[in-house]
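**Student:** One structure, pasted below without further comment.
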Amino acid sequence: METILEQQRRYHEEKERLMDVMAKEMLTKKSTLRDQINSDHRTRAMQDRYMEVSGNLRDLYDDKDGLRKEELNAISGPNEFAEFYNRLKQIKEFHRKHPNEICVPMSVEFEELLKARENPSEEAQNLVEFTDEEGYGRYLDLHDCYLKYINLKASEKLDYITYLSIFDQLFDIPKERKNAEYKRYLEMLLEYLQDYTDRVKPLQDQNELFGKIQTDFEKKWDNGTFPGWPKETSSALTHAGAHLDLSAFSSWEELASLGLDRLKSALLALGLKCGGTLEERAQRLFSTKGKSLESLDTSLFAKNPKSKGTKRDTERNKDIAFLEAQIYEYVEILGEQRQLTHENVQRKQARTGEEREEEEEEQISESESEDEENEIIYNPKNLPLGWDGKPIPYWLYKLHGLNINYNCEICGNYTYRGPKAFQRHFAEWRHAHGMRCLGIPNTAHFANVTQIEDAVSLWAKLKLQKASERWQPDTEEEYEDSSGNVVNKKTYEDLKRQGLL
């Protein structure tokens, strides 16, 4: 039986070896998406084991049962040599009884892990289960969610490719359609997105993500800024949809002038008691001014279950909105897969059956070639890689001017290799964003301008030029006097003031 100190030593060794293997795993170059996903899952498994070992170590150091303290006292007391020989005797006795006992060092186990990573078996190459439609983490498979969506009551009938474009635009759906069936659809969609994220991005801490989403949602919900769920007005009447606006009344006496019938209809719209004299009804109705239904005294309501129902509806709406908030976040995380899915579906719909079969055969052959062992490419001059994954020829590298670097200060000192990439970047998002930050339009006037100072000075010059070319009504607008003489506006006004016309 291992001693407490030996268990602690073994746990410390395992932690260090796990850290070393995780570092090597993360530094290993992944050439395909399959390799990246499998590597992330191996890393997460080691992280989970690391946390488990750390928890065991903490329990041993806490020493709630006092065994560690007893062992320390035994080996550090006055009879330490007697204790040493006693334990040595126990070890010899154990090996005498079990002469063929095999002990596998921990280093051997981790060496086997490294070998399995370098020469993976067929099972190790498919660590995660994906459907054929998902293409091992490349695409989304939302067909079940799509069928659930188009079967919702009063839902718009659309095709699958359109659904892929708008399935996250939940804020456009009217609140009247967000019922229990709609909530079940959201739960189904969210469950798939969470499961897919867990398979494609296993290192994503979903517990931390949930806390972040919840904090942001609570803040937006309280402020009334959450998309699709605007904050209700402060008046209790407008909150309940009544047609009487209390903002025009400053006292209950003014409300009393409306009469018994009008006050009764307004109180009924709120679910309040509508009996009593004219003064009592007016005072009861005026007491709701500037208040929400939840803040009113329950004794004012005709039936308490109605107020509970209103509060229940608010909680139900908040639950639905929180589901939407989670879906928004996961869709943003899976933005790349969503775009690839849209392109893949669009491409499949435009192809014939024979072309689809050929594409599937190509994908199978590509996956088989990806699974082959990748050799280390010799690339001492750091040349760009071609379509085959190998460095392009040096003469082609020189021909395209890829040895020339162009720096653009507007793009945040980003470096572009080759004149072609440099010229193309003026129309791309990075340069356009830099120009927008400077408050300058990205027009043809600023082609080949890479310095911020040059762009600002050119923009000032262009503004002056445009100002000088702008039409000046005082000097360019022409008038005709009574004698038929044509003069500009300024001269005409001067002559008119002097009475010379």
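Note that Cβ sites are derived from N, Cα and C of the backbone, with glycine treated the same way.
OK, Swiss-Prot features for this one:
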COMPBIAS  342-354  compositional bias 'Basic and acidic residues'
COMPBIAS  355-374  compositional bias 'Acidic residues'
MOD_RES   M1  N-acetylmethionine
MOD_RES   S54  phosphoserine
MOD_RES   S121  phosphoserine
MOD_RES   S295  phosphoserine
MOD_RES   S299  phosphoserine
MOD_RES   S365  phosphoserine
MOD_RES   S367  phosphoserine
MOD_RES   S369  phosphoserine
MOD_RES   T475  phosphothreonine
ZN_FING   406-437  zinc finger
**Student:** Name the one residue among S54, S121, S295, S299 whose Cα is closest in three-dimensional space to that of T475 (phosphothreonine); these are the modified residues.
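**Tutor:** Of all the candidates listed, S295 is nearest in space.
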**Student:** Residues sitting near the zinc finger (406-437): Cβ under 8 Å, six or more positions beyond its termini, same chain?
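**Tutor:** Counting only partners 6 or more residues beyond its ends, the zinc finger (406-437) has Cβ contacts under 8 Å with 384, 400, 446-452, 455.
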**Student:** Cα-Cα separation of S299 (phosphoserine) and S121 (phosphoserine), in Å?
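**Tutor:** Computed Cα spacing between S299 (phosphoserine) and S121 (phosphoserine) is 73 Å.
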**Student:** Using DSSP, what's the helix, strand and coil tally for the zinc finger (406-437)?
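**Tutor:** Each residue of the zinc finger (406-437) counted once, the result is 18 helix, 7 strand, 7 coil.
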**Student:** Could you tally the C-beta atoms, other than its own, that fall within 10 angstroms of the C-beta of the residue listed as 'phosphothreonine'?
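**Tutor:** So the Cβ neighbour count for the residue listed as 'phosphothreonine' comes to 11.
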**Student:** What whole-number Å value do you get for the CA-CA distance of S54 (phosphoserine) and S121 (phosphoserine)?
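**Tutor:** About 30 Å separate the Cα atoms of these two residues.
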**Student:** By Cβ count within 10 Å, point out the most packed of the modified residues listed: S54, S121, S295, S299.
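**Tutor:** When each Cβ's neighbours within 10 Å are tallied, S54 leads.
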**Student:** Across the zinc finger (406-437), what does the pLDDT come to on average, as a whole number?
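**Tutor:** Here the mean pLDDT over the zinc finger (406-437) amounts to 91.
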**Student:** Any idea what DSSP makes of S121 (phosphoserine), helix, strand or coil?
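**Tutor:** DSSP assigns S121 (phosphoserine) to coil.
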**Student:** Rounded to a whole number, how many Å is the Cα of S295 (phosphoserine) away from the Cα of S121 (phosphoserine)?
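**Tutor:** S121 (phosphoserine) has its Cα 65 Å from the Cα of S295 (phosphoserine).
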